[in-house]
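Lifted from Swiss-Prot, the feature list:
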- 5-120: domain 'MTTase N-terminal' (DOMAIN)
- Cys14, Cys51, Cys83: [4Fe-4S] cluster 1 binding site (BINDING)
- 138-372: domain 'Radical SAM core' (DOMAIN)
- Cys152, Cys156, Cys159: [4Fe-4S] cluster 2 binding site (BINDING)
- 375-436: domain 'TRAM' (DOMAIN)
Amino acid sequence: MSSNKKLFIQTLGCQMNDTDSQHIQAELEKHKGYVTTQNIEDADLIIINTCSVRERPVQKLFSEIGQFNKKKKEGAKIGVCGCTASHLGQDIIKRAPYVDFVVGARNISKIKDVVDVKGAVEVSIDNDESTYEFSTAKTNKYRASVNISVGCDKKCTYCIVPSTRGEEISIPPEMIVEQVRKSVEQGAVEVMLLGQNVNSYGRKFSDKREKYTFTKLLQDVSKIDGLERIRFTSPHPLHMDDEFIEEFAKNPKISKCIHMPLQSGSTSVLKAMKRGYSKEWFLNRASKMRELVPNLRITTDIIVAFPGETQEDFLDTLDVVEQVKFDQIFNFKYSPRPGTEALNLKDKELPDEIGSQRLIDLIELHKRYLEESMPKLIGETLNILVESLKPNGEVCGYTDNYLQVFAKGSDELLGKFVNVKITDVTRTSLKGEVVN
């Protein structure tokens, strides 16, 4: 098989897409002989892996592929993969006829079958996940990303993911454990378990086996010798039961950083979003986790200006932010998406200037908290896993609760856990000195 064909991949969107891009790379390397290049002009095949959660990445898709078409060498092919591919399908080729094929987010393993078929569109979502093929490509030597499920069964009214990735199906636990074990044998010391709603894992399998739980999966994965740290994203607040929280708190291998997507602090807005929980439920779960895990970092997603959101609703969101004291917030202004239930609320959509101001107010509130909290870490000694060496001679790594830390060091520290005394901070990272 020829090995001189070159592949260029551009990834838009979430961490699931990053893993999907690794899967694409591995499939095409294994079955079609492609090698990856960072130079688009050298590529024989150009793929853009897309996101459709918000409007901006969709607009960016057509801008990007237009530029790719201008830059590509003669005879090079262009493919579109991911959530926008699932959503728009054939319309992508109609709008951009120079696109050679389209492969949906649930069809990555079929990339090898369509890459040579001009005009191919593969967007079905009825795959059997009991035969799921994990990616063998790795972008980080010391951290592995492993999908534990595909799709989503939630019906959040603002979200397009269920229609692009299909129903939620869990990958069999023995396959996940074996994949993590292989990754550890190849040098990984940390694993990131990925799914749209990881803590609803085990409710449905392709082979109709008995139900399982995410807590049990965490216990099974943590038994793997050589694995030092387990992370996961994203959990759903609705499924954060006491059993899960207690396992999270007591299991020393689980990273003490958790993503809890709030979306809104208003119970009435949460109901309109069909999130399934109330403001009080969210605060109760966050409080219980803070109580059991003193050094816990909590990150979140928040949407402002959802249709019908009043000023009182928005103040409820600010109240939750003040009570929980999130360590990182991914803030978004509501973006209407085609095919979502929230489109029926068009008459309740807020003026753009109101949404923009609320976004500013939220960002400013959180900024003030970080400016107060981060300097308190100066003088602390933190243990980090060193993952990379920067051109300026600094190593970069992460603490157990996923704080990014920089320190002077060498490649001898790569893949090792070291102690760093913090000497300086920003709102998002720390700097220090390696100590014995």
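Glycine is treated like the rest: Cβ placed from N, Cα and C.
DSSP assigns Cys83 ([4Fe-4S] cluster 1 binding site) to a helix in the three-state reduction. Shown for the domain 'TRAM' (375-436): DSSP residue counts in helix, strand and coil, namely 6 helix, 36 strand, 20 coil. Contacts of Cys152 ([4Fe-4S] cluster 2 binding site) defined by a Cβ separation under 8 A and a same-chain sequence distance of 6+ are given as Cys159, Val161, Pro162, Arg165, Glu167, Glu168, Gln196, Asn197, in order along the sequence. The two recorded residues, Cys156 ([4Fe-4S] cluster 2 binding site) and Cys14 ([4Fe-4S] cluster 1 binding site), show a Cα separation of 18 Å. In sequence order, Lys154, Lys155, Tyr158, Ile160, Val161, Pro162, Gln196 are the residues of the same chain, not among Cys152, Cys156, Cys159, whose CB sits within 8 A of the CB centroid for the [4Fe-4S] cluster 2 site. For the binding-site residues Cys14, Cys159, counting C-beta atoms within 10 A of each C-beta gives the highest total at Cys159. DSSP labels the residues of the domain 'MTTase N-terminal' (5-120) in these numbers: 60 helix, 27 strand, 29 coil.
Taking each of the binding-site residues Cys83, Cys156 in turn and counting other Cβ atoms within 10 Å of its Cβ gives the largest count for Cys83. Residue density at Cys51 ([4Fe-4S] cluster 1 binding site): 23 other Cβ atoms are found within 10 A of its Cβ, drawing on all protein chains shown.
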